[in-house]
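Peer 1: What follows is a single structure, and I will ask about it in a moment.
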There are 4 protein chains.
Amino acid sequence: MNSAVKTIGVLTSGGDAPGMNAAIRAVVRTAIANGVRVMGIKRGYAGLLEEDIEEMDTLSVSNIIQLGGTILYTARCKEFREKEYQEKAAEICRKHGIDGIVVIGGDGSFQGASKLAALGINTVGVPGTIDLDIACTEYTIGFDTAINTAMEAMDKLRDTSESHERCSIVEVMGRTAGHIALWTGIASGAEYILTTEEYDGNIQKIIEKIQQRHKIGKKNHVIVNAEGVGNSFEMAKMIEEATGVETRATVLGHIQRGGNPTCKDRVYASAMGAKAVELLCDGKTNRVVGYTNGEFVDYDIQAALDMEKGLDPYLFHITKKLTTY
Amino acid sequence: MNSAVKTIGVLTSGGDAPGMNAAIRAVVRTAIANGVRVMGIKRGYAGLLEEDIEEMDTLSVSNIIQLGGTILYTARCKEFREKEYQEKAAEICRKHGIDGIVVIGGDGSFQGASKLAALGINTVGVPGTIDLDIACTEYTIGFDTAINTAMEAMDKLRDTSESHERCSIVEVMGRTAGHIALWTGIASGAEYILTTEEYDGNIQKIIEKIQQRHKIGKKNHVIVNAEGVGNSFEMAKMIEEATGVETRATVLGHIQRGGNPTCKDRVYASAMGAKAVELLCDGKTNRVVGYTNGEFVDYDIQAALDMEKGLDPYLFHITKKLTTY
Amino acid sequence: MNSAVKTIGVLTSGGDAPGMNAAIRAVVRTAIANGVRVMGIKRGYAGLLEEDIEEMDTLSVSNIIQLGGTILYTARCKEFREKEYQEKAAEICRKHGIDGIVVIGGDGSFQGASKLAALGINTVGVPGTIDLDIACTEYTIGFDTAINTAMEAMDKLRDTSESHERCSIVEVMGRTAGHIALWTGIASGAEYILTTEEYDGNIQKIIEKIQQRHKIGKKNHVIVNAEGVGNSFEMAKMIEEATGVETRATVLGHIQRGGNPTCKDRVYASAMGAKAVELLCDGKTNRVVGYTNGEFVDYDIQAALDMEKGLDPYLFHITKKLTTY
Amino acid sequence: MNSAVKTIGVLTSGGDAPGMNAAIRAVVRTAIANGVRVMGIKRGYAGLLEEDIEEMDTLSVSNIIQLGGTILYTARCKEFREKEYQEKAAEICRKHGIDGIVVIGGDGSFQGASKLAALGINTVGVPGTIDLDIACTEYTIGFDTAINTAMEAMDKLRDTSESHERCSIVEVMGRTAGHIALWTGIASGAEYILTTEEYDGNIQKIIEKIQQRHKIGKKNHVIVNAEGVGNSFEMAKMIEEATGVETRATVLGHIQRGGNPTCKDRVYASAMGAKAVELLCDGKTNRVVGYTNGEFVDYDIQAALDMEKGLDPYLFHITKKLTTY
């Protein structure tokens with residue numbers, strides 16, 4: 001194989017997501033299989049600026065595919081938005097012989113990757129975020145694990161909510177996007193799914209529905225709130241006061257970021273990691289890997305950042321028929 | 001078999017706990033195997049007062065052993081503390097031919113059981129609470145499932161806490177008792193376990209330890225807080241401000257009450273349910289079932305309520321050697 | 001809404017798969033939301049021939065989305081391949097006023113659906129099989145749960161296989177297709193993935209690789225066998241004899257068919273069930289629902305049965321770089 | 001602290017069991033907290049004879065409490081039954097300054113420990129086996145995880161067995177003891193639990209019960225077989241032929257040995273590891289740690305090996321009332 005790059009770096013940046021380790025493993029093993037050296041960069045761009053860099057071999061990634069988190073650690077790095085630090089980073093790459101970088105992270109991390117590309121370091125982004133809020137791809141690393149974690153928590157909450165004939169509000173992650181809420185709401189048979197994209201803030205409507213349902217004998221009610229929709233504890237209080245139905249709020253929080261990755265997250269993260277290395281070997285730069293229409297593809301980073309996506313319209317459509325009982 | 005009772009009622013009262021369904025199933029099947037009728041009483045003492053009572057047969061409890069929650073529902077019932085309502089309940093029992101009752105719940109529920117016993121209805125209590133805070137027994141229904149649920153959540157939190165090199169505070173249930181905190185703290189390798197029994201409220205000491213550990217290169221810190229120890233969010237803020245280590249609090253909340261019961265909870269709950277019926281068949285009343293010194297035993301309810309217990313001293317002892325690194 | 005059908009039947013046929021209950025629930029609720037009656041047909045075509053039919057309402061499908069198996073039961077029915085019984089079935093449908101049927105199952109079940117369509121009963125198939133061996137769709141109900149179940153079992157096997165420095169052969173389901181083997185092999189970091197599509201039966205090659213790996217100090221070896229590739233126990237014996245490495249075979253078997261469905265299986269099965277009803281309401285017949293290129297679509301049953309698919313080529317491609325270490 | 005030993009070794013021997021890592025961690029940390037050096041001995045007695053020995057510190061056991069298997073590896077070692085090799089082992093211990101050893105394993109491993117004790121190396125055994133077949137203790141490391149793993153597999157099998165109205169035979173581990181079968185049989189609501197201790201080999205009786213149950217409309221039947229009770233596949237064939245009920249056998253196999261340990265296994269294994277070190281520090285030798293009557297205790301190894309235990313009589317008693325429906 002005649003690779004366009006000789007040595008690549010790999011880093012994880014932004015919020016961690018289950019499956020990142022599978023992607024790192026695939027990057028390392030594909031690179032080595034292609035005759036390319038791999039340097040692990042710790043703690044994202046922050047570690048790059050501090051030269052926290054170490055060579056990796058196939059054994060460095062043995063027995064990690066099943067682990068949550070990221071063995072390379074991750075951090076946010078505000079400095080990296082400044083030109084000065086971007087140039088310093090490119091310099092460090094050159095010093096270490098790194099002529100290509102795989103950046104596993106979200107939109108913010110891809111901004112940084114694009115800057116490095118402009119400074120002559122070949123870069124490819126891999127979408128890693130539990131929030132699914134990257135427009136150019138139907139899949140992001142960690143989403144599948146996060147929705148299963150949240151759904152299993154909701155299954156447990158329903159047990160106790162039903163035994164006590166309570167109303168239960170569950171707040172899930174998602175930053176400004178309602179994907180986790182939509183999927184887990186459908187999967188847990190929630191009565192109400194409130195997303196930032198679609199919820200109009202009219203709690204009175206929800207209260208009335210609960211009152212109606214309560215009258216016809218429904219014993220429990222589950223409301224899934226996307227992060228950002230409102231304060232779940234205050235909503236619980238308002239609902240309890242208006243309906244007389246005991247109401248409890250649970251904020252699932254950071255457990256949604258952890259855990260052993262699901263099969264899909266391990267397989268797709270592996271494929272995306274491999275794809276990123278193949279792009280670099282082919283001399284591509286300023287690209288981001290995506291999964292669209294049943295295939296692993298790649299886009300120009302800037303074009304990808306300019307795309308927009310909302311909630312899956314068919315999934316949103318069926319919630320109206322499945323969740324009103 | 002010559003049973004002292006002809007018809008027994010069974011109810012679940014207070015907070016629900018995984019394994020209660022296994023106990024109900026054992027009560028029903030053991031009773032029927034002994035030639036005794038069984039009436040299911042819904043929503044604890046509240047349902048008894050409303051005569052929400054239905055006969056159960058072996059099929060009523062098919063395929064429920066693996067389910068969390070309680071198929072009989074549960075509720076708290078303040079009225080039942082008053083003599084007037086206790087007498088009404090005894091009257092209702094007599095009206096339905098119920099000459100024995102199995103009460104699955106916690107200390108509060110046993111108080112009620114004792115009152116019914118005094119009014120001539122034979123009663124046996126079965127300890128059901130995730131909090132393990134019933135002094136007369138080493139085992140309560142639901143504790144084993146709850147600690148596994150909490151521990152698995154902590155395993156997930158550690159993934160992300162370590163990737164981000166954060167301090168993580170996890171608040172677990174337990175009412176006024178630190179059993180859940182102690183067990184899950186040991187099991188998750190937490191650095192600090194704060195229980196109401198042992199924590200002196202000196203957060204400064206914890207801050208200093210984190211600072212020391214941080215200096216020698218420790219990347220993450222996990223603190224397990226028992227419910228009641230303090231406000232986990234405020235503690236997180238104090239620690240972050242004092243140490244500079246990003247600190248996040250998670251309150252696990254009601255997910256700890258739900259979920260499919262573990263093997264131990266299914267088996268011991270089955271044994272306790274069976275034992276309760278055998279006691280009633282033998283003409284015993286005002287008793288509570290316990291598990292002590294490797295055996296299923298029974299105590300006088302009042303004697304049981306007067307017992308006291310603290311944290312397991314040997315488990316508390318080992319935390320000092322296992323958690324300081 | 002002006003539906004082309006007034007009463008639909010729904011049945012599950014062939015091997016059961018986790019998520020079938022989510023599909024049934026979506027069929028029932030979407031139908032009722034569209035003003036259409038729904039009849040549940042038990043045990044597939046066998047139950048149809050025996051008129052084992054019951055009306056369903058929204059409560060019939062409460063609290064089932066999280067359950068494995070199928071509340072309608074399933075069976076194989078050889079008789080249904082004969083014209084005589086197909087006509088009898090169509091007659092029974094007419095007798096019960098059923099003018100549309102949703103058939104949840106695999107290719108064999110769709111053959112039957114097509115026959116009913118030809119006899120004037122509007123039919124739509126929904127792909128339900130853990131094996132993913134339906135050519136017209138990238139998704140089949142149950143596959144996602146099955147691969148996670150198998151992968152979790154392999155994670156456990158690796159623990160003990162590594163502790164004992166053994167070689168471990170795991171046989172997974174898939175009928176004549178290697179999809180489960182391919183996905184779980186990648187996800188569990190298996191060293192060898194043997195599928196009916198790609199494995200040439202040359203065990204000598206595997207033995208030599210194990211010997212090479214063993215020499216350079218590799219402690220354990222995991223081989224994933226697709227059903228049909230060969231007798232796993234005999235292969236274990238051959239490998240142990242040739243290499244001296246203790247080798248154990250495990251046939252995962254029917255546990256892969258059960259279990260609470262994953263989030264994806266619940267969500268996609270719900271979408272497919274809803275889609276099937278919408279097709280019937282629109283007057284469509286002899287169609288099968290699929291998921292292709294990121295969308296829920298539908299095909300003519302015969303055209304769908306004539307399609308072919310092999311293993312995902314990109315996933316197969318990456319195994320060569322990821323599994324040789 | 002004034003410890004009777006200066007340097008201890010720790011090894012795992014025999015079959016691995018989830019929780020062994022928690023015990024190793026507790027041994028290492030308790031020793032270091034007591035001012036004692038710790039040497040990790042790989043692959044049990046085999047590694048001791050090959051001087052596969054390495055010093056451990058508190059970081060060696062970081063982040064392992066949640067892992068199945070054993071980081072020290074394990075092996076069976078036939079040579080160690082011979083005096084010559086026992087003496088060689090004692091010699092090696094003296095050469096490395098090891099004056100105490102913690103042996104985590106089963107009865108066979110304790111025999112070896114006793115021999116070392118007689119040769120002047122202080123030894124303490126810790127009961128580690130998923131089979132619970134160590135007479136001196138109510139708890140052995142790994143049993144709790146194994147029964148939960150087996151039970152979860154049975155929950156999955158029941159889903160599919162019920163959907164297909166089949167009879168399902170599940171074979172669980174346990175060597176010559178039926179503890180795993182008894183516990184998981186109760187917990188999964190099995191209709192028949194066959195243990196080597198109690199099953200008389202009369203399959204005709206089981207066939208008749210299935211026929212009776214079948215007649216009154218029971219849809220599925222679950223039989224739990226302990227290892228050693230008979231060939232589950234042949235039994236399945238006999239039952240299917242005699243009853244006409246489709247019958248499938250599943251041998252759960254080695255998945256029962258793996259997996260992340262449960263909370264109880266992590267906590268009790270930690271306590272036992274700590275206890276073993278405390279005994280050595282106190283100058284004790286030829287002891288085995290046990291859990292009896294609610295306490296962690298210790299026995300003379302020979303006395304412990306002479307004890308006998310059968311199935312828990314009360315649990316066996318209740319199966320007669322709970323499993324006949």
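Keep in mind that glycine also has a Cβ here, set from the backbone N, Cα and C atoms.
According to TrEMBL, the protein carries these features:
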- B:8-280: domain 'Phosphofructokinase' (DOMAIN)
- B:GLY15, B:ARG76, B:CYS77, B:GLY106, B:ASP107, B:GLY108, B:SER109: ATP binding site (BINDING)
- B:ARG25, B:ALA26, B:VAL27, B:VAL28, B:ARG29, B:ARG158, B:GLY189, B:ALA190, B:GLU191, B:LYS215, B:LYS218, B:LYS219, B:ASN220: ADP binding site (BINDING)
- B:ASP107: Mg(2+) binding site (BINDING)
- B:THR129, B:ILE130, B:ASP131, B:ARG166, B:MET173, B:GLY174, B:ARG175, B:GLU227, B:ARG248, B:HIS254, B:ILE255, B:GLN256, B:ARG257: substrate binding site (BINDING)
- B:ASP131: active site, proton acceptor (ACT_SITE)
Peer 1: Whole number in angstrom, please: the longest C-alpha to C-alpha distance across B:THR129, B:ILE130, B:ASP131, B:ARG166, B:MET173, B:GLY174, B:ARG175, B:GLU227, B:ARG248, B:HIS254, B:ILE255, B:GLN256, B:ARG257 for substrate.
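Peer 2: It comes out at 33 Å between the most distant Cα atoms.
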Peer 1: Provide the list of binding-site residues among B:ARG29, B:SER109, B:GLY189, B:ARG248, B:ARG257 whose C-beta sits under 8 Å from chain D at the C-beta level, in sequence order; use 'none' for an empty result.
Peer 2: B:ARG29, B:GLY189
Peer 1: Counting other CB atoms within 10 A of each CB, which of the binding-site residues B:VAL27, B:ILE255 comes out lowest?
Peer 2: B:ILE255
Peer 1: Under 8 Å Cβ-Cβ to anything in chain A: which of these binding-site residues pass, B:VAL27, B:GLY108, B:ARG248, B:ILE255, B:ARG257?
Peer 2: B:ARG248, B:ILE255, B:ARG257
Peer 1: In Å, rounded, how far does the Cα of B:GLY106 (ATP binding site) sit from the Cα of B:THR129 (substrate binding site)?
Peer 2: 6
Peer 1: Which of these binding-site residues is closest to B:LYS218 (ADP binding site) if you go by CA atoms: B:ARG76, B:CYS77, B:ASP107, B:ARG175?
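Peer 2: Considering only the listed binding-site residues, the nearest one is B:ARG175.
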Peer 1: Comparing the binding-site residues B:ARG25, B:ARG76, B:ARG175, B:LYS218, which residue's C-beta has the most other C-beta atoms within 10 angstroms in this structure?
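Peer 2: Within the set of binding-site residues, the most crowded position is B:ARG25.
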Peer 1: CA-CA, which of the binding-site residues B:GLY15, B:ARG29, B:ARG76, B:GLY108, B:ASN220 lies nearest B:ARG257 (substrate binding site)?
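Peer 2: Going through B:GLY15, B:ARG29, B:ARG76, B:GLY108, B:ASN220 one by one, the closest to B:ARG257 (substrate binding site) is B:GLY15.
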Peer 1: In three-state terms from DSSP, label B:GLU191 (ADP binding site) for me.
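Peer 2: The three-state answer is coil.
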Peer 1: Between B:ARG25 (ADP binding site) and B:THR129 (substrate binding site), what C-alpha distance do you get in Å?
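Peer 2: Cα of B:ARG25 (ADP binding site) to Cα of B:THR129 (substrate binding site) measures 17 Å after rounding.
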Peer 1: Translate the DSSP assignment of B:ASP107 (ATP binding site) into the three-state scheme.
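Peer 2: It is helical.
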Peer 1: Please tell me which one of the binding-site residues listed here (B:GLY108, B:THR129, B:ARG175, B:ILE255) sits closest to B:ARG29 (ADP binding site), measuring Cα to Cα?
Peer 2: B:THR129
Peer 1: Within its own chain, what residues at least 6 apart in sequence put their Cβ under 8 Å from the Cβ of B:ARG248 (substrate binding site), listed in sequence order?
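Peer 2: When sequence neighbours closer than 6 are ignored, B:ARG248 (substrate binding site) has B:SER161, B:ARG166, B:CYS167, B:SER168, B:ILE169, B:ALA236 within Cβ distance under 8 Å.
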